[in-house]
Amino acid sequence: MKNTFNTSNVFASAYSFWGSFIGFILSTSNRLYIGWFGILMFPLLVLATVAYIAAFIFAPPVDIDGIREPVAGALLYGNNIISGAVIPSSNAIGVHFYPVWEALGFDEWLYNGGTYQFVVLHFIFGAGAYMGREWEFSFRLGMRPWIFVAFSAPLVAASAVFIVYPIGQGSFSDGMPLGISGTFNFMLVFQAEHNILMHPFHILGVAAVFGGSLFSAMHGSLVTSSLLAETAGDLSLNIGYNFGQEDETYSISAAHGYFGRLIFQYASFNNSRSLHFFLAAWPVIGIWFTSLGVSTMAFNLNGLNFNQSIIDSSGHLINSWADIVNRADLGMEVMHERNAHNFPLDLA
């Protein structure tokens, strides 16, 4: 008699579990949609958040410049919410991938700023998974895919300052510190070394942010001011609105007529779809351009900068605003990495 083992029940159980798991992951009825990208997103963002909070509070000083002069960024080392930061990885590490097992010990890993790479890489991949999850959820619901396209703007902006710029400059120590004052320091140093304020791509980004804020405020105020009254005068207008109602809740023709007469006729949209596409496209495209500008400057490709001095036919300098900006940049460069070199490369 042969010894036999019936595997059908085992396979059926496995398939049943796997089917239930897939059904739960891909269900659009859950209070929080998970999706395939969510399996990657949730642990990555949790790890990045926990590591960031722990480093912001407890991390020891980091030898950011690679000259054995560590800089403290944690709250327990005397910083406050404004001055605290997760300090970028040491210049001695460069752009090498630096997980904890590459160091001789945990203390050395902390001293060389390994937490910065840990937080940044987990965050970028987690945010990328979030963008993929937006596409996946839209696909499941039969929606058009423009939500994840819009989110690509902040994602590429973060990738530019946290990944592309350090790679282009040859060291993660040139990445943006993860803190408030560290962000401002990064901006000043970036201006000193690249004069980004004079770059047209950065100007497009400024127009995107301030223009987007203006358009958002204009749109919100116009809609709120042209709500259709469905209630008596002594009741709130909000009571007359039912979630999911098919009838429009505000008069776009009234808003269009008001704004067209306030500015001029063609400054106002009479098509709701065109209006909302414009509100989405304006800031997204501008942030794309800014990210492209940062990414090109990462490799010192500054050819689009309008910072050249003006010289007359005799070779004499004609003082201009570009010279004032260049002089200010040199002043900021002198303050940067003050112990790593005596003079900035521009003056050496």
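For all residues, glycine too, the Cβ spot is worked out from N, Cα and C.
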**Study point:** Candidates His219, His316, the one Swiss-Prot lists with Ser268, Phe269 as binding quinone
**Key:** His219
Revision key, fill the gap. Min neighbour Cβ count (10 Å) across binding-site residues His122, His219, His336 flags His336
Point to revise | In contact by Cβ distance (the transmembrane segment (146-160), the transmembrane segment (201-222); 3 or more pairs under 8 Å) | key: no
Exercise for review: Using a Cβ distance cut-off of under 8 Å, indicate which of 33-50, 146-160, 278-292 has the most pairs with the transmembrane segment (122-137).
Suggested key: 33-50
Review point. Given Phe269 (quinone binding site) and Tyr130 (pheophytin a binding site), what distance in Å do their CA atoms have, once rounded to a whole number?
Key: 32
Study note, to complete from the structure: CA pair His219 (quinone binding site) / Glu193 ([CaMn4O5] cluster binding site), Å rounded to integer, equals 39
